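One structure is given below, encoded as C-alpha cells.
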Amino acid sequence: MIRIGQGFDVHQLVENRPLIIGGIEIPYEKGLLGHSDADVLLHTVADACLGAIGEGDIGKHFPDTDMAFKDADSAVLMEHVWNIVREKGYKLGNLDCTIIAQKPKMAPHIEKIRNRIAELLQAELSQINVKATTTEKLGFTGREEGIAAQAAVLLVKNE
Ligand SMILES: Nc1ccn([C@@H]2O[C@H](COP(=O)(O)O)[C@@H](O)[C@H]2O)c(=O)n1
Ligand SMILES: C[C@@]1(CO)OP(=O)(O)OP(=O)(O)OC[C@H]1O
C-alpha cells in the first residue's frame, strides 16, 4: 500500500532569532519566530508524514501550549514523527519540498538540508528533493515578513 501526504507551514521572520531551516542553522540577520525553534521546513515535512498516515498534525502531537516544546529542536520532533511512521509499518517512497523565501538565498544550503532530512528519515539522498523559490517580492514572503514551506511525501507499506 502507498499513502500520500502534504504539508504547509509559515513562520514569521524576526530579529534576534537564529534561522533554522531543515535542521540546519543558516547565517542570516533574522530568524523564525515560534514556540519551538520554528523550523518551518521540518514542521512541513512532519505534517506531510502525519497526514499520510492519518495521524493529524504536529500541533496535535506537540501542542504549542505545552512548555515541554518551548524552544524544542524540531529535528527531535521530526524523529518522533518518523518513529510513528515506522511503527505503522511504512518507509519513505520519496519526499519533495519547497522553501518559499525572498531571502536568504537558499541554494548554498540546499544539499546540507537534503542530507540532514535524509538522515532524519533514514532514507537515501535520491529519495529527498529540496527546492526554494521567491514569490517575486509579492505577498508576506516577498516582503520578507515570513518564510513558508510546503511538502509532498509518498510512504510505502513494508511487505
Ligand atoms: N530563497 C531562495 C529563493 C530562490 N532560490 C533559487 O533561485 C531560483 C529562482 O527563484 P525564483 O523565485 O525566481 O523562481 C530558484 O529556482 C532557486 O534555485 C534560492 O536559492 N533561495
Ligand atoms: C512545533 C510547535 C510546538 O512547539 O510550535 P511552533 O514552533 O509554534 O510551530 P507551529 O508550526 O506553529 O505548530 C506546531 C507546534 O505545536
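Residue numbers in this text run from 1 along the chain shown.
Placement of Cβ uses the backbone N, Cα and C atoms for every residue, glycine included.
TrEMBL does not curate its annotations; it predicts them automatically.
TrEMBL has this to say about the protein:
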type: DOMAIN; residues: 2-155; note: domain '2-C-methyl-D-erythritol 2,4-cyclodiphosphate synthase'
type: BINDING; residues: 9-11, 35-36, 57-59, 62-66, 101-107, 133-136, Phe140, Arg143; note: 4-CDP-2-C-methyl-D-erythritol 2-phosphate binding site
type: BINDING; residues: Asp9, His11, His43; note: divalent metal cation binding site
type: SITE; residues: His35; note: site 'Transition state stabilizer'
type: SITE; residues: Thr134; note: site 'Transition state stabilizer'
If you count the other Cβ atoms within 10 Å of each Cβ, which of the recorded positions Ser36, Thr133, Thr134 comes out on top?
-> Ser36
Around the divalent metal cation site recorded as Asp9, His11, His43, what other same-chain residues have a C-beta within 8 angstroms of the site's C-beta center?
-> Val10, Leu32, Gly34, Ala38, Asp39, Val40, Leu41, Thr44, Ala148, Ala149
Fill in the CA-CA distance, Phe62 (4-CDP-2-C-methyl-D-erythritol 2-phosphate binding site) to His35 (site 'Transition state stabilizer'), as an integer in Å.
-> 10
Neighbourhood of His11 (divalent metal cation binding site) by C-beta distance under 8 A, where only residues 6 or more apart in the same chain count = Leu32, Leu33, Gly34, Ala38, Val40, His43, Gly146, Ile147
Cβ neighbour count within 10 Å of His35 (site 'Transition state stabilizer') | 16
Averaged over the domain '2-C-methyl-D-erythritol 2,4-cyclodiphosphate synthase' (2-155), what pLDDT does the prediction give?
-> 98
Among the binding-site residues listed here, Asp9, Asp66, which has the most company in the form of other Cβ atoms within 10 Å of its Cβ?
-> Asp9
Counting Cβ atoms within 10 Å across all protein chains shown, which of the binding-site residues Phe62, Phe140 comes out on top?
-> Phe62
Which recorded positions from the list His11, Phe62, Asp66, Thr133, Thr134 come close to ligand 1, meaning a Cβ under 6 Å from one of its atoms?
-> Thr133, Thr134
List those of the recorded positions Asp9, Ser36, His43, Phe62, Thr134 whose Cβ lies under 6 Å from any atom of ligand 2, in sequence order, or write none if there are none.
-> Asp9, Ser36, His43, Phe62
Which residues, sitting 6 or more apart from Pro104 (4-CDP-2-C-methyl-D-erythritol 2-phosphate binding site) on the same chain, put a CB under 8 Å from its CB?
-> Leu19, Ile26, Pro27, Tyr28
